[in-house]
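Report on the following structure.
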Amino acid sequence: MKFIDEATIKVYAGDGGNGVATFRREKYEAMGGPNGGDGGRGGSIYMIADRNINTLVDYRYTRVFRAQRGENGRGSDQYGASGEDMVLRVPVGTVVSDKATGQVLTDLAEHGQKVMVAKGGKGGLGNIHFKSSVNRAPRQCTKGDPGEEFELYLELKVLADVGLLGMPNAGKSTFIRSVSAAKPKVADYPFTTLHPNLGVVRVDANRSFVIADVPGLIEGAAEGAGLGHQFLRHLSRTRLLLHLVDLAPFDESVDPVREALAITEELRKYDEALYNKPRWLVLNKVDMLEDSEQKVAEFVQRLGWQGRYFAISALAGIGCRELTYAIMEHVEEASRVEHEAAENTGAASMSGD
């Protein structure tokens, strides 16, 4: 299925029903006291995160959503029925923003998380509310309030443990194919990956992590060139970034060190927090090099890289097993630290109460 990661929709909550002005009519009393009921509340619109949905494709085809209007009030003190609420299901990881202001309204990061995005209007008042000692037969009633309406921007951030960075054709899709059951399109030309690919990497029966391959970056991606900038957002939730570098480019005039520096600079310009995430260097296609160990050492020295690095061949499977086990250990440790921090925060807030 094509991965749709953004959509713009309009939501219209239901208007409140109108109140009415009616009077009791009895056999010996042509016009008794007021008995006009209130209008019903308009239906509200909610969004709920659903792990069974993995794209925003439905919101590309249906863009306008209207909740039900509240019923008008009736005589005999009868209130109008409330409009039915509308629930829109979206993938876990969907960020909802007000299109007009850009303000983030909610981040639906957990399955079952539910939030109101447009509130239904209040019902109008019937004339029963306007009876007083000086006005025993009020003809006043009020209309229902309009429901809220918004144009919303939906943005899906892939929920992955590991994100892959790299120039087009660095071998990211091949790497995902090599270590997971995902089958992204692979070919020897840039921009093969046009949408984010997710792969589940299972190191044994009970341990796995999710890896995201996003479209290749080129210089200028942070300003919008190429395909990269609109997908960099998918890396924001990852626990680890892998920077894949093609050590054996088909075009011999290409300098892998220069390309690696360009990617690093794009990342820094796009988002400082993303730049500061844990990042490992993965040097790909070592099977195509003579004296690969020396070439790897020279590359690391020229780049001035101080962090962790791995030399692999995604196509031949060289070094992939060691890399995936190292990733698994990192993801598990990061998860443990996050849980401990969350527990400590919760305990601190409870003691503060």
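Glycine too: its Cβ is placed from the backbone N, Cα and C atoms.
Annotation source Swiss-Prot lists domain 'Obg' at 1-159.
Residues or ranges marked as domain 'OBG-type G' by Swiss-Prot on the basis of sequence analysis: 160-332.
Taken residue by residue with DSSP, Ser313 (GTP binding site) is part of a strand. Counting every protein chain shown, 23 other Cβ atoms lie within 10 Å of the Cβ of Ser313 (GTP binding site). Residues or ranges marked as GTP binding site in Swiss-Prot: 166-173, 191-195, 213-216, 284-287, 313-315.
DSSP gives Ser173 (Mg(2+) binding site) a helix state. Taken from Swiss-Prot, the feature Mg(2+) binding site applies to Ser173, Thr193, supported by sequence analysis.
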Fewest-neighbour residue among binding-site residues, criterion Cβ within 10 Å, set Lys172, Lys285: Lys285
Asn169 (GTP binding site) CB neighbourhood, other CB atoms within 10 A: 23
Packing count at Ser173 (Mg(2+) binding site) (other Cβ atoms within 10 Å of its Cβ): 24
C-alpha spacing of Ser173 (Mg(2+) binding site) relative to Ser313 (GTP binding site), in angstrom: 12
